[in-house]
Every structure is written in structure tokens, then in C-alpha cells.
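Participant: This is the feature table in TrEMBL:
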type	residues	note
DOMAIN	1-133	domain 'ABC transmembrane type-1'
TRANSMEM	20-40	transmembrane segment
TRANSMEM	61-80	transmembrane segment
TRANSMEM	86-107	transmembrane segment
TRANSMEM	114-133	transmembrane segment
Amino acid sequence: MTFYSLIKIQLGFSTMLMSHIIFSTPYITIIILPKLYSLSENTIDAARDLGASEIQIFKNIIYPEIIGTVATGGLIAFTLSVDDFLISFFTTGQGFNNLSILITSLARRGIKPIINAISSILFFVILSLLFIINKCVGIKKLTADTEI
């Protein structure tokens, strides 16, 4: 919050988004880096020897190998962002609320059925994302990528 005050940025959606990205980046990096380090340098060198460009190497070799860890990192970042009330509260301005701020403000007035409904919807959204990732990536590929 002090940083945004120093550079005179008005608090709002953009400051909250930047704060969540800055907060989530180390977690995603810790998840993806071990998989990148485990990639075979010989495969990448062979692709270069066969004339593949850097974009082709990334698209055809690196990306298929790390897609599971990228999906895992994305889900963890999403979960951390939804859960982290303090970052949202201190980096949003007036007139903008996200889900964690809304649930906290509703809970201060007493637990109402709408809080349970919001929690259920959020649970099913995350569960649906897991099923979609499982269908697109495959559970064997996803679990093989996350092993350290």
C-alpha cells in the first residue's frame, strides 16, 4: 500500500491484480522450476541440431512437458488469490470488492445462507476446473509433472 502511495497510483482493481500477481509468482516459480530443471538438455540440443527454432523448441518440446505443472501452478495461484483477504483488502480502493472482501463483509453481519451459497458455487467452480484440466491434460501427465 505504501508503494502505491509513493508512486501515486490510485487503489483499485489494477493495484489488487498487481499485488496478487506479485504474491503468487514465487509459489508458481517454485512449482515450475523443478520440472524445467529436469528437462533433458540433450533433447533440446537435438532439436537445435535438426534446425528447430527457439519458438518450435518451446512449442513442441518444452511446453508439452511443463503443461501439467503450469496448470497446477495456476490452480494454486487462483486458490491463493481467492483466499487472501488481507492483500485484497489493503490494495483495493473504494467502490471495488472481490469475493473475499464480499464474504468477509457479509460474515460480519452474521452468517447468512448467501455465504453458504457463494462457498458452494466456488467449490463447484474449482471442482469443474479440476475436471477440465484432467480431461485436457490427463491425470497421468499432471501427476508425473508434479513429482519432485
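From the backbone N, Cα and C atoms, a Cβ is placed for every residue, glycine too.
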Participant: Can you tell me which parts of the same chain pack against the transmembrane segment (86-107), counting only residues 6+ beyond its ends and a CB-CB cutoff under 8 A?
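Facilitator: Tertiary neighbours of the transmembrane segment (86-107) are 1, 4, 10-13, 15-16, 18-20, 23, 114-115, 118-119, 122.
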Participant: Looking only at the domain 'ABC transmembrane type-1' (1-133), how are its residues distributed among DSSP helix, strand and coil?
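Facilitator: Tallied per class, the domain 'ABC transmembrane type-1' (1-133) gives 108 helix, 0 strand, 25 coil.
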